[in-house]
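*Asks:* One structure is given below, represented as structure tokens, and several questions about it will come after.
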Amino acid sequence: MAPPASTASSADPSKPTAQKLTEESDEKTLRKYFSTKVDDAQQKVADKSQNVRRLQAQRNELNTKVRMLKEELQQLHEQGSYVGEVSKAMDKKKVLVKVHPEGKYVVDVDKSIDINSLNTGARVALRADSYALHKLLPNKVDPLVSLMMVEKVPDSTYEMVGGLDKQIKEIKEVIELPVKHPELFDALGIAQPKGVLLFGPPGTGKTLLARAVAHHTECTFIRVSGSELVQKFIGEGARMVRELFVMAREHAPSIIFMDEIDSIGSSRVEGSSGGDSEVQRTMLELLNQLDGFEATKNIKVIMATNRIDILDPALLRPGRIDRKIEFPAPDEKARADILKIHSRKMNLMRGINMAKIAEQIPGASGAEVKSVCTEAGMFALRERRIHVTQEDFEMAVGKVMQKDSEKNMSIKKLWK
């Protein structure tokens, strides 16, 4: 009888290989499963870390608010302070302060305040119990007054002002020269001019020249209209004038331009009504600020009006207004210069005679000459052209100067 076959020899040789593949497949599945779990756990950790950082930021913000509220609560628990005005410094640790309406006191200065920063007229806070000076306060300025300060300097230059060479020279001497070179006046031993009055018919370039001065002097420019200083309640206009000069002193050197000054600077007459009395109070405060007890060395005032005949003589006297500059209607040469300035950027046809156009507008102001250029461009636009001709200027002259110029126009041009 034959012996039984061996088990190793009778088994299928492919079975160990299949088992090995199964084990590898299971290992890959487990590796992929745990890798996914690890990625999910890392994502959760990242989210939690982000939440922790967000909560820490919120905690810091809340701690800041709590600290500010504690400081505010502590200030509310403290006694109130008196507001005073520094008269003068007595020594390194004491100053003379005027408290309204009680009087003047010599007070101690807190260690945290520099004695050199306490200038005459500065607003300060005094402790209610010891009258010690513990805080330097900013000057009180009405928001309406602070808005009068021109933040952006106008882009007008002297080259944009035509036919006013004499006026430009005079205003440079009075306004620009003292601001840029005050040492020249000190060397000569003469007082600097304080103010200048620009007067003349409407549209002759008074405001334009003031804008050019603001551009070239490179100092603080404050623009105010006279009608803005006429207020409803008693004393409001005078207070605004006072705060206007306070703000000008803070930002010195500065220039104050008062347009339409005749609205508050008219001559005083007897038997005026209540409204006129308030206007007169405003003018009296202006007179005091121009030539009062306090010096205004670094403040220059430019006033403009077209009614110099109704201004008060007290406003026009030397010491307040040191120079009066007249702006007459431009002559023929000045009108030609103004036409060249305003037509500089226009697309003109060749051969346009500006001198001939200037001859056709006798007595025109600078504003009317500028209007001629604008109307000439409108006539060209009406005919769908991108260039301006001599005929456009002649028709613009007829329209601006209100002449009967229909005979010079064709029916086609009138109704096209």
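Keep in mind that glycine also has a Cβ here, set from the backbone N, Cα and C atoms.
The following feature annotations were taken from Swiss-Prot:
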REGION    1-29  region 'Disordered'
COMPBIAS  1-18  compositional bias 'Low complexity'
BINDING   GLY200, PRO201, PRO202, GLY203, THR204, GLY205, LYS206, THR207  ATP binding site
SITE      LYS206  site 'Mediates interaction with elt-2'
*Asks:* Would you mind ranking the binding-site residues GLY200, PRO201, PRO202, GLY203, GLY205 by how many other Cβ atoms sit within 10 Å of each Cβ and giving me the lowest?
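*Replies:* Minimum Cβ neighbour count within 10 Å, taken over the binding-site residues GLY200, PRO201, PRO202, GLY203, GLY205, occurs at PRO202.
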*Asks:* Could you check the binding-site residues THR204, THR207 and say which one's CB has the most other CB atoms within 10 Å?
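*Replies:* Answer returned by the neighbour count: THR204.
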*Asks:* Which ones in the same chain are close to LYS206 (ATP binding site), with CB under 8 Å and 6+ residues apart in sequence?
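*Replies:* Those within reach of LYS206 (ATP binding site), by Cβ under 8 Å and sequence separation of 6 or more, are LEU198, PHE199, GLY200, ALA304, ASN306, PHE327.
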*Asks:* Which are the residues of the chain, GLY200, PRO201, PRO202, GLY203, THR204, GLY205, LYS206, THR207 excluded, whose CB is within 8 A of where the CB atoms of the ATP site average out, their centroid?
*Replies:* ASN306, PHE327, SER365, GLY366, ALA367
*Asks:* Look up PRO201 (ATP binding site) in the DSSP assignment and reduce it to helix, strand or coil.
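*Replies:* Assignment for PRO201 (ATP binding site) reads coil.
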